[in-house]
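Read through the structure below, which is laid out as structure tokens, and then see the notes.
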Amino acid sequence: MDFDSVFVESPAEFFSENKNIAGFDNPGKSLYTTVRELVENALDSAESIAELPTIEVTIEEISKSKFNAMIGLVDHERVDAELYDDYENEKAREKRLAKEAREQERQAKAIAAGKKVTVPKAGKGRGDTVFYKVSCKDNGKGMPHDDIPNMLGRVLSGTKYGLKQTRGKFGLGAKMALIWSKMSTGLPIEISSAMKGQKFISFCRLDIDIHKNIPNVHVLEKKPNTTGWHGAEIHVTIEGNWTTYRSKVISYMRQMAVITPYAQFLFRYRAGTPEKNVSVQFVRRTDVMPPAPPETKYHPSAVDLLLIKRLIAEKSKQTLIQYLQQDFVSINKSYAERLIGEMGPDFTPKMLVKDLTDQQLVRIHQLFRQAKFDDPDGDCLSPAGEYNLRLGITKELHPDMVATCQGNEMSFGFDSVQVFEGHPFIVEAAVSLGGKSVKPGLNIFRFANRIPLLFEQGGDVITRTATKRISWSAYKISHLQDKVGVFVSIVSTKIPFKGTGKEYIGDDITEIASGVKSAIQQCCIQLKAKLVRQKAARDKLERKKNLSRYIPDVSRAIYGVLASIANEREAKRQKYEPDSREILHKVADKEVTEVTLSRKLTQYVDQVDAELALDYATQSGLVKAREPISLAGVDWTQANYLELHSPVCVMKLLS
Amino acid sequence: MAPRRGGDGGNPGGELRKRLKTDGSILQIIKDFAEATARAGIRGEKRSLSDLALEESCREVAELGSGEVKEEIEKLVLSVTKSILQGQGLAYTVPSRTSANQLYVEELDRIVLKDKTSIRPFASSSTVKKTAITTRILELVHQLCSKQIHVTKRDLFYTDVKLFTEQAQSDTVLDDVSCMLGCTRTSLNVVASEKGVVVGRLVFVEDGDRIDCTKMGVGGKAIPPNIDKIQDMESDALFILLVEKDAAFMRLAEDRFYNRFPCVIVTAKGQPDVATRLFLRKMKMELRLPVLGLVDSDPYGLKILSVYMSGSKNMSYDSASLTTPDIKWLGVRPSDLDKYRIPQQCRLPMSELDVKTGRDLLEEDFIKKDPRWYQELELMVKNKEKAEIQALSSFGFQYLSEVYLPMKLQERDWI
């Protein structure tokens, strides 16, 4: 990180004002956000050195007494019981005992009836704050030994000179989690880190002086690195709530595994009691990793006045023409000259940017807003890729069918990159059908810059598009009964998040909404073709059954009419053709009955079915009737066979 | 004559009321109109499809007696039996009733069915069920014709719910069967349940009973499903008033509008059923009265008028006996909204779908043939405003019967 051009702000202020915005609304959400910040940091770190990420996350429950021991507080027995909030008075105790007695009685009955009994869990009292130690270990870049305190113990705002597709929403990395640990437990954090090829592991224990915004280092030492490990391992102890956010944390990990199939995740939860332990492994399925997104420059239509000023403050010796040409995309030299000409007589190409007055800056900003520029290209974006998306879905959901559609230059040309307010974006989508642990109906998975979005899905452009604007039935998909998985991943240099916690993408941006819609539709079209083929195959199997079902109806109805004519007087039959009269005779003589008709129809259906089955087979090229073949004996005495060696076997080619 | 009640003072309704002439002079205007209509005869009355020598061949059905229908079914069933016994299964040739197979004949002013047909084989998964239903319906109709009884479509459906699964299926096949046999649906002895109502200066005999429609209270007489049981129509009315809505019908019946201006009032409560259409045609043909239509000022009102006049696409094979030529559009027309100063709060904005329906109607031949109708519809689509007959109630509940209709008649304001 470039320490020369950073400025410091008070993290305490920022955090206390923005706790809910950053995802620390309550202990449960804080636990979730902590995990996700550490995981995303770890992924970024590994990807920055093009290393396939291997990440281990552990959440360890810490009981109150253990916590007290950790902070050196002796457990206190309650002396004045009535002082506490969860004190049980006489009445409440009677109530509870009565309830327990009823419960026991019910269980006894259940046992007698041979049913399985679940023991009701004892509820936690309100005062029982639960603490968790969250650890995250990666195989990323690691940190230089001496920079560790500053990199973690200070809230720094990196230079915003360039622009980049990033995972983080606030550009603060894992620091919010560290501050939350300081605020909720006050316990120091522990970091082990090693850089590639480093002979030692740095170990550091520190906490943050929030108000002064400086690290307070307890220990910083070097330990031998015997295994050649590189990366970082962070332990933070925070207040949290596993019970309420358990499913969120696990689905976050699972969705992360879907969008990042080249990473290996190990997630463990260690509870106070072993039966509540959780351990999930998300295996790596590919070693194809999307390239790390490169930094790019701003597009003139994406900057505001403040940003213009900041960009100028960075480089003081620049001339106006250099500034326009070098600090922005989509402006070349001749275009810069035209722009300067348009700005007015006060502007010259050679003037220094630091000499620009505020009014002149406003003029530049106005022109940026009004002038026409080429769209930025999508080279700076790094989408998950069709291959990875498909792999991720297949490995985590095991669907019966999956179709993907990708906005990658290679497959669709530059059309797939779209632009919103000067920021390029790419939409990728996948639609899956069936699979394990997928509920019937639409299951929507949203990803923004390759991280899953789990909250506030109601207003999200992806949810709304999938539920309201796709006519699923047109693609032979029943969105109420089928197990449909809809995956949409949007990457951009700036994701237009909405809502306090930046948890969803608004539905008011036409470019994105139509991009999402067409991507999902592309997938559906692919699926439809498959579904139609499948249906044809199924129809083939069920045709005979379908046709046969109506034989009784038809033969009964026809015979009904025939019988009623045959009952009429002979003279009346004269009006019919001779062969019709013959039929009527046969009906009258019981030679033709309902059974005859039904038998004839059954024969007919058999015949038709056989013919159509043959047609189908010829069309789909499966007509190969089985023929017995005989294998000739091999004369092994002839020695000149070509041998093909592989690690598993040797094959001999017969000439 | 109905007493004239209520004074509306300064509102536009009141102004119009003052401009009304005496009932006597209005009556004279209608009388002239009725006589002119009777003299002119009925356009296209004598012409039938076969007289026209159209380029495309068309299919029309005829009213057949029970015996004839029975015979047709027997012929069909025997040929099917033959095919089954020969081991060839069965298939029906069904005239197509899709809109691509419809033709509007300007000379007749109605829609007719072209001769395209489709094969309905038993040996296909997609048509096997329909084939089975067709066979079953043929058998049921054969029974009805043998026993000479009538049942409703609902009855028919309930005879084999398991096979038909829903009434729409048996209803559709019933229409197919009338097309296949070349007879009207009434000839199949299957009727729709009663929907239409009539009230006013009309006397007829239904199955031997004499019915006087002036003595039917405010509810009116239900139009019987079997039109062939109606005989000896007599009337001293000067015109027939066709009303779209039940509510407007009730208003007119309760105000005894037909006593003030001798007329017959008919409604089918929305989209007209077969019985009402047959009844209207019968009245028009036998009594030679002009027909005035009172419908909502929206695309659906016009559609309803078009069904009475040119027939529906679903039953175009029988349009000859179902359509009533020369219905005048009395109101509520889009131009009436301003002419009668219907307040803004009583007008409704048209939805996108309404506007689209309106635009589509502009393309229809029955609108195009009369430039005055075309202009009115164009105005509606342009202003994107619609109004129901009830919008007139904003000037008082009886405004419709006491001011609007008399005024319309006095001004000969129909097109």
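Here the Cβ of each residue, glycine as well, is placed from N, Cα and C on the backbone.
Per-residue pLDDT, averaged along the domain 'Spo11/DNA topoisomerase VI subunit A N-terminal' (B:129-190), amounts to 91 for this model. If you look up TrEMBL, you'll see B:129-190 marked as domain 'Spo11/DNA topoisomerase VI subunit A N-terminal'.
B:Tyr158 (active site, O-(5'-phospho-DNA)-tyrosine intermediate) has a Cβ environment of 13 other Cβ atoms inside 10 Å. Annotated active site, O-(5'-phospho-DNA)-tyrosine intermediate per TrEMBL: B:Tyr158, in sequence order.
Under the heading active site, nucleophile, TrEMBL lists B:Tyr158. According to DSSP, B:Tyr158 (active site, O-(5'-phospho-DNA)-tyrosine intermediate) sits within a helical segment.
Per TrEMBL, domain 'Type II DNA topoisomerase VI subunit A all-beta' is recorded for B:194-231. Same-chain neighbours of the domain 'Type II DNA topoisomerase VI subunit A all-beta' (B:194-231): 150, 152, 186, 237, 241, 246, 249-250, 252-254, 258-259, 262-269, 272-273, 275-276, 278-279, 282-283, counting only residues six or more beyond its ends whose CB sits under 8 Å from a CB of the stretch.
Taken from TrEMBL, the feature domain 'Topoisomerase 6 subunit A/Spo11 TOPRIM' covers B:239-409.
Sequence-distant contacts of B:Asp296 (Mg(2+) binding site), defined as residues of its own chain at least six apart whose C-beta falls under 8 angstroms from its C-beta, comprise B:Glu244, B:Lys245, B:Val332, B:Lys386, B:Ala387, B:Glu388, B:Ile389. Sequence annotations record features per position, and here TrEMBL assigns Mg(2+) binding site to B:Glu244, B:Asp296.
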(request) Around the Cβ of B:Glu244 (Mg(2+) binding site), how many other Cβ atoms lie within 10 Å? Please give the count over every shown protein chain. (result) 25
(request) Determine how many residues of the domain 'Type II DNA topoisomerase VI subunit A all-beta' (B:194-231) DSSP places in helix, in strand and in coil. (result) 6 helix, 16 strand, 16 coil
(request) Name the secondary structure element type, per DSSP in three states, that contains B:Glu244 (Mg(2+) binding site). (result) coil
